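To start, the structure itself, in structure tokens.
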Amino acid sequence: MTTAFVNATLVCPEGGVRPGSLLVEGDRITRVGDFDAPADATIVDCRGRMLAPAIVDLGVFAIDKPACLVGGIVRVGLMPDQSPILDDPGIVQRAADMGKPELWVHPIAAATRGLAGIDLAEMAINQEAGARAVATGRGWIADSGVMRRVLAYAADIGLTVVAHPEDAGLAAGAVATEGETATRLGLRAAPAIVESLAIARDLMLAEETDAAIHFRQVTTAAGFDLIRAARSRGVRVTCGISPAHLLLSDIAMNDFRTFAHLSPPLRCEDDRRAALSALADGTIDVLTSSHDPRGPEEKRLPFADSAPGMSGAETLLPLGLGLVHDGTITIERLFALLARNPARILGLDTGMLAAGQPADLILVDPNIGAQIVADRMVGRAGNTPFDGLPVQGRVKMVMKGGSILA
Amino acid sequence: MSASDHSPAAVLPGRVAFPHRHLTGIGGLQPHEITFLLDESEQWIEANRARAKNDRRLDGVTQINAFFENSTRTLLSFEIAGKRLGADVVNMGVGQSSVKKGETLIDTAVTLNAMRADVIVIRHGSSGAVQLIADKVDCPVLNAGDGSHEHPTQALLDALTIRRRRGSIAGQRVVICGDVLHSRVARSNMLALASLAAEVRVVGPSTLMPAAVEQMAVTRFTDFDAALDGADVVMMLRLQNERMSGAFIPSTREYHRRYGLTPERLALAKPDALVMHPGPMNRGVEITSSVADMPGRSAITEQVEMGVAVRMACLDVLTRRARGVEGWA
């Protein structure tokens, strides 16, 4: 099967933005640029719309195919916090097969058995079963000795450690970040330094073991400063963030709105602005949906009793395009954050528009106006703190491995 | 006294005196709204001191006291308040609620709603739980304390006590001492007293003080003696051991040494400074018996008395619209 996308605005994290065509033969991209479409090719006239690499969403908590399809996501790095936990090769392999062919799941195996933070999991065997990285899950490994061994062992076998930076002792029981909002609402809160404390330790250990570490979500000014400094020393560190932490501050929790109960909790306005700066200056490598859908059973509760998490897959791209529309980042940078960089961290050869790459593509109209409406979301749960927000941009077509899905 | 006896003069020209459907907290109330509730409470103080205490204005009104967290004093106060106004009062304790069987709070709210309660009084251990219920029911909801969030009627009764004893609230230097971090009483009092132009000082160890407390228009102290300088009112908080996990203070002995209100310490405040405590007291920990029982200075039993009056006023005001009281429909 040959498909020729013509009259497109090609958006590639490395090739930049340019008008042109793209040829897909079988499951691969074979040509990009100016060429005459072969006679036997199915022609897709993009009518000037953006043709970009499909999204690789690094660090989701649920395999949610409908939500991913709407959001232009064709690959997900699945966090190990599943039931059962991804700490066994059979479970890892099963997870890797769960979404195909429409959605490719790249399991991130548990770094420690049962995510308990005590004994190392079988990282190499899980790697053979399909694991693309190892993670500490939703929690932090409090024992520095264990974390050092996790990093050293993962470095030996070439896996990145995806870490959750939140000092467990300081954050125990907290559902919010310390500040005026948490004080007024009477919510148990932890200071924002829970994050930088954890990052500082983990960076020192990563530097000492020469391991690659990825912080799934960094959300504070102090955390970004630590990452910048470590990177300048040559530490192999990357970090991600979700749109929620770029666009919302802790005041979104007012009225005890549980849709704004996230992990890590929303930060103060200064930290939010620092996150936008870190996105603009290249400190942040990955924009993730942190897709963690929670149904009403988990959200229609008092704030402290509700589960943290939001449904993010459907809104990741439109919110990301908002950052382009407002000039925070360029469109090619957005796709570096959404596709190329997460692919690299997972060791996947995808995320760009280049010959030889898998034909994972999305056609995007960046100017279609829409509104995020929680009740109309197609995913497993429509819990979004962005309910009612007007956005611009919609996925018009998704191609996975040469097959048009929608 | 009947419903129609309520004086419309209390409704300020051009605005509704109390436009809120629920009373979930002091936050969100305007100063004149707080003052209105205090004024409304005044009438019930004398009525309660009379021998015949019954008023029938809430005849036919079903008041459900849904207490998901143990409380004796507040529950009793709300029960007495409702009964003195003629309401049919039903108490639902956590022990008999289906919450123990796994029912969610919203299910409980929907059930209470279906039973056509006219006013629901709620206490719950989680901050925001009352708001959650208020959003789901058709009748007014009164917050009797939710987690570490708010306890509005306590703040109102404290404000009423201060106003009656000191003549006014504006300009009074009120020192709130103790476990501010876990205290819904402190939060509501900070909001109410600051709103009514009192000078509010909070004092306690840093381990029991919420972050950004200064942004609630109060001044923060760690030295009790310094905070007491020139105080008109000393409001002690209960050391809430049941809310604490982990080491917040080294010992109650040390806590008493630094933050216990003793006669010697009270002498640092104004000579006629008022002593208050929301109760129940840990005698010998945050307050000594000699201070708690000090004639003329301790207003602790008076607070309890004001509590009933304030709750009567709140029940009356919140149900006026449903009862078709003139000017409120």
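Each Cβ is built from the backbone N, Cα and C atoms, and glycine gets one as well.
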(request) Going by TrEMBL, B:Arg73, B:Thr74, B:His151, B:Gln154, B:Gly279, B:Pro280 bind carbamoyl phosphate; tell me which of B:Arg49, B:Arg123, B:Arg253 is listed for that site too. (result) B:Arg123
(request) In whole Å, note down how far the CA of B:Arg238 (L-aspartate binding site) lies from the CA of B:His151 (carbamoyl phosphate binding site). (result) 14
(request) Sort out the sequence-distant neighbours of B:Gly279 (carbamoyl phosphate binding site) for me: same chain, 6+ apart, CB within less than 8 Å of its CB, listed by position. (result) B:Arg73, B:Arg238, B:Ile300, B:Gln303, B:Val304
(request) Just name the binding-site residues among B:Gln154, B:Arg184, B:Gly279 whose Cβ comes within less than 8 Å of a chain A Cβ; none is a fine answer. (result) B:Arg184
(request) Sort out for me which one of B:Arg73, B:His151, B:Arg184, B:Arg238 has the most neighbouring CB atoms within 10 A, since those are the binding-site residues we care about. (result) B:His151
(request) Translate the DSSP assignment of B:Gly279 (carbamoyl phosphate binding site) into the three-state scheme. (result) coil
(message) Going by a 10 angstroms cut-off between Cβ atoms, which of the binding-site residues B:Thr74, B:Gln154 has the sparsest surroundings?
(response) B:Thr74
(message) At a 10 Å cut-off from the C-beta of B:Pro280 (carbamoyl phosphate binding site), count the other C-beta atoms across all protein chains.
(response) 9
